[in-house]
Amino acid sequence: MFDIAGGYFKPPFVLLWSLLFALICGATPHQAVLGGQEVNNNKLGAVASENKVCSQIGIDLLKAGGNAADALVGTVLCVGVTDSHHSGLGGGGFALIRAANGSYEAIDFRETAPSAAYEDMFKSNVLGSIMGGLASAVPGEPSGLYYIHKTYGVLPWSTVFQPAIKLAQEGFVVSKDFAAAMDLVTKYLDDDFLSKDPSWAEDFAPNGTRVGEGDVVTRKRYARTLEAIATYGPDVFYKGALAEATVRALGRRNGIITMEDMAGYNVVSRKPASIEYNGFRVHGCGAPASGAVALSVLKILEGYSDMEQSEHLSTHRMDEAIRFGYGKRASLGDPNYVEDMDLYEAGILDKAYAHATRARISDKHTLNVSDYDPDGFESFEDHGTSHVVTADSSGMATSLTTTINLFFGSGIMVPETGVIMNNEMADFSIPNTSNVFGYYPSPTNYVRPYKRPLSSIAPLIATFTNNTLFLVLGASGGSRIITTVIQNAISILDRGMTAHEALKQPRLHDQLLPNQVTFEFQYDNKTIESMRGRGHNVTWGPAGSSAQAIRVVDGGFEAVGEPRQWDSGGLTA
């Protein structure tokens, strides 16, 4: 089932996200405009997610008197029901919140390593960081959503749960995107665990055959879990019978999470990273998220006054700035374990750093990999991610990414609760060992008890200089999150595109290692040839990412779901 070669583990998971997007994004540019988008003069608010059913739930909560935070929580809970291959209560993530008064908060509900975790725990067992009980970190989503709602929501906590509970209890239609994910995961694992494992089959093969597109699925155990959290709050998930079931299920598969680990989970409120950028104020989530990387790249590019004079040259410059950004990402880590992380991030957002980096970029050729970061590299492929954006008429806006890491997480569903557990431990580095994706380890991201692994997640909110809301943006897709957010931000903030126009643009991706730039199939061939002429190693592939965006237009909203997905939806009210 797995290939062990070259001294490190090479799992088929590496291919899954790209293969999924190759399937659902392999259309022509016209045909690829599949997702929902809406722009009109509606003034109440907007929601965009990868599932239009869930976006509608967010809109309904706004119409019921809720705000952007209520819409966010309800939409995220829905996605955890309908698109459980990449999100749900067993995961965690980051959220960037803009309150109605214009203040900002970065909310870290990333999963945490268990108390018994240690630096070398995967040194001789890299597979253990991917599959089984050891791969799971303590989930953060229940506490994270509760924190967001308690701080910013206005509807009763139980109210925002009801639509997701109803879907899980009464059934939902399997979407084209979810069906494709199930097909590809089981194919490349050569194991239809969704129908063979009783814990999974109860939901996804109740009649002995795995469900497919258009079938109606119920997740009654998950509905009961949601109902318990709606009634008693997140403590019921982290303490008592539900937590015992989680610990027991992981323990049967060599897991080390304890009841004390579950009870000790906490959400962290962090100061957002922010920059001034070409007449906008742009905010993101700092470490252990990667918002500072995206903002650093934008700050580098801000210094070019002639970016639009040549598409070929501007693409080269953007890619070079991105490569410097990924080089600096290697030094990021959990601020509670990496000394002076705030100073490091401030440094890469500073004008002087941006100026010095531009001076190192040649318009004629790319550089050697070592020129971008001499201290080593780290990269991650947390493909099991989902992004949701919301906004309302008060000026409140939210941008949230939630994840269970790879598709279907650690492969463990808790039998009693229906919760799919994450495999977030794979996002840590292993000393002296290439990680599961062949990348060299980063000491700032070694495993420690209670530590949070580095993430590519990079939600973004932009305002005009008078602090009026303009753009809410984010993406899913592992290491491609950063490049996707950067390119869409440039298209909207610099090139004046609508969000719909921006998200349709062909994308490139370059994460420094492997030393190549990958262009989406629809990218302009002349630009690609100019990149090759400047020494870039060029390859082609699907976008491999999914973006969601809201743009405020004359007091109304433009909401856009990812055009490359069949089932995404951006809605307004």
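Just so you know, glycine gets a Cβ as well, placed from its N, Cα and C.
Automated prediction, rather than curation, is the source of TrEMBL annotations.
Taken from TrEMBL, the feature active site, nucleophile applies to Thr385. The L-glutamate binding site annotation in TrEMBL covers Arg110, Thr403, Ile404, Asn405, Asp427, Ser455, Ser456, Gly478. Among the features that TrEMBL reports, signal peptide is placed at 1-27.
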Whole-number Å only: compute the distance from the Cα of Thr403 (L-glutamate binding site) to the Cα of the residue listed as 'active site, nucleophile'.
4
Cα distance, Thr385 (active site, nucleophile) to Ile404 (L-glutamate binding site), nearest Å?
7
What is the Cβ neighbour count of Ser455 (L-glutamate binding site) at a 10 Å cut-off, with all protein chains included?
29
According to DSSP, collapsed to three classes, what secondary structure does Thr385 (active site, nucleophile) have?
strand
When you look at Arg110, Thr403, Ile404, Asn405, Asp427, Ser455, Ser456, Gly478, which the record names as binding L-glutamate, what is the longest CA to CA distance in angstrom?
15
With H, G and I counted as helix, E and B as strand and the rest as coil, say where DSSP puts Asn405 (L-glutamate binding site).
strand
Which whole-number value in Å describes the distance between the Cα atoms of Arg110 (L-glutamate binding site) and the residue listed as 'active site, nucleophile'?
12
Secondary-structure category, per DSSP, in which Ser456 (L-glutamate binding site) falls:
coil
Pull out the binding-site residues from the set Asp427, Ser455, Gly478 whose C-alpha sits within 10 Å of the C-alpha of Thr385 (active site, nucleophile).
Gly478
Tell me the coarse DSSP state (helix, strand, coil) of Asp427 (L-glutamate binding site).
helix
